[in-house]
């Protein structure tokens, strides 16, 4: 799907993904997890040609807005390193992991991150999945 595809795959420069392509896609998946939104879902993708979409992605005009979702800057910086248009500038998976571990090593940052996640809207629970009183009796 083009929403998670790196610029080099969209452009046809590379036909097969490599580690840096996977890192870009991983950053998009992390963005989706953090925001609850598919990357680029605000763009009119059904009416947008692949070429127009590529231009938005390739020139860096458009990236998921994690700040708008209330994600702390340290997490934004770490994920942002996966989205460089030039694949050789993207971080490695190990660098991304280290960035997250460094960020979450600080207690205040963990609390801020939890608060940002808690403020996100979550879908209402299905009545069928809500525990009923006494349902845990054996």
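One is the number of the first residue shown, and numbering goes on along the chain from there.
Cβ atoms here come from the backbone N, Cα and C positions, even for glycine.
The domain 'Protein kinase' feature in TrEMBL is assigned to 1-104. Across the domain 'Protein kinase' (1-104), DSSP classifies residues as 56 helix, 0 strand, 48 coil.
Marked as region 'Disordered' by TrEMBL: 119-138.
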Model confidence over the domain 'Protein kinase' (1-104), averaged pLDDT: 83
